[in-house]
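**Q** After the structure tokens below, expect a handful of questions from me.
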Amino acid sequence: MAALSIHHFRQAKQAGQPLVALTAADYATAQILDQAGIDLILVGDSLAMTHLGYTSTLPLTLEQMLHHAQAVRRGVERAFLVADLPFLTYQVHKEQALLSAGRLMKEAGVNGVKLEGGYPDMVETVAFLVQRGIPVLGHIGLTPQAKHQLGGYRQQGKTTPEAERLRQEALSLEQAGAFALVLEHMPAELAAQISAQVGIPTLGIGAGPACDGQILVTHDLLGLSERLPPFAKAYTNLRQAIREAVEAFADDVRQKVFPPR
């Protein structure tokens, strides 16, 4: 099966075909998602919380991201693979962003990178990367790396000035060359307006049904997270299933029925 290219995303938007994106941070999960036909797999900095036990995405380093992205790459044949640039690996200056993104593409084999924010300096950075051959997935609305400045994981764009700022950020990121945008935790009406205004696809996460596609953290979808964000949906409860399987194994061992005699 042919690997998806950057052109797939604009073509999907033009055809009205919803895009599906999920996160992965290990080989097995990546392989399963890829075989299920997911369009985009994101090695998200959320792995700092889901896989490494941190309370936010901020502690994640570029070396840790490289380690996980390399594992994911080995499991992906078809999906378009994007990795987050961790906090403070791209905000200092655009040359820093180029070095970080370049390492992820060169050493981990990702197809593109995701950057948070749409303020002027970040738009300039996006353009700088795109001009040098690096596909960029933009991310506006709730940007978790800025949680302290935002006052927590709060919905963004609820006021008229905030909504207008996000609309302008979306247009600016499109003009800078981003191939798609993540719209996170914003009013559905605003996300619908942005999705209609830009020519590139939008991937919603807590942004209503009018986006061109949806993205979720796979741990949330599988019921592995201890707490679900208000906009997520668990399609199964693997946390409970895993615990029950482990307890059943432990019981068999303690009762000396496994392995069978």
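Quick reminder: no glycine exception, Cβ is built from N, Cα and C everywhere.
Look at Swiss-Prot and you will find E184 tagged as active site, proton acceptor, backed by sequence analysis. Under the heading Mg(2+) binding site, Swiss-Prot lists D45, D84, E116. What Swiss-Prot lists as 3-methyl-2-oxobutanoate binding site is D45, S46, D84, K114, and the listing cites sequence analysis.
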**Q** In angstrom units, rounded to an integer, how far apart are the Cα atoms of D84 (Mg(2+) binding site) and K114 (3-methyl-2-oxobutanoate binding site)?
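**A** Taking the Cα atoms only, D84 (Mg(2+) binding site) lies 5 Å from K114 (3-methyl-2-oxobutanoate binding site).
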**Q** Within 10 Å of the Cβ of S46 (3-methyl-2-oxobutanoate binding site), how many other Cβ atoms are there?
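**A** Neighbour count, Cβ to Cβ under the 10 Å cut-off: 22.
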**Q** Can you count the other CB atoms that lie within 10 A of the CB of the residue listed as 'active site, proton acceptor'?
**A** 24
**Q** Using Cβ atoms only, which residues of the same chain lie under 8 Å from K114 (3-methyl-2-oxobutanoate binding site) while being at least 6 residues apart in sequence?
**A** L42, G44, V82, A83, D84, L85, V136, L137, G138, H139, V182
**Q** Quick check on the binding-site residues D84, E116: which one has the highest count of other Cβ atoms within 10 Å of its Cβ?
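**A** Within the set of binding-site residues, the most crowded position is D84.
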**Q** Calculate the distance in Å between the alpha carbons (Cα) of E116 (Mg(2+) binding site) and S46 (3-methyl-2-oxobutanoate binding site), and round it to a whole number.
**A** 13
**Q** Cβ within 8 Å of the Mg(2+) site's Cβ centroid: which residues qualify beyond D45, D84, E116?
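**A** Counting only non-site residues, the set is G44, S46, T57, L85, P86, F87, K114, L115, H139, P144, Q145.
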**Q** Round to a whole number and give the Cα-to-Cα distance in Å for the pair D45 (Mg(2+) binding site) and E184 (active site, proton acceptor).
**A** 14
**Q** Hey, how far is the residue listed as 'active site, proton acceptor' from S46 (3-methyl-2-oxobutanoate binding site), Cα to Cα, in Å?
**A** 14
**Q** In DSSP terms, helix, strand or coil for D45 (Mg(2+) binding site)?
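**A** Looking at the DSSP assignment, D45 (Mg(2+) binding site) belongs to neither helix nor strand, so coil.
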**Q** For E116 (Mg(2+) binding site), what is the secondary structure by DSSP, using just helix, strand and coil?
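**A** In three-state terms, E116 (Mg(2+) binding site) counts as coil.
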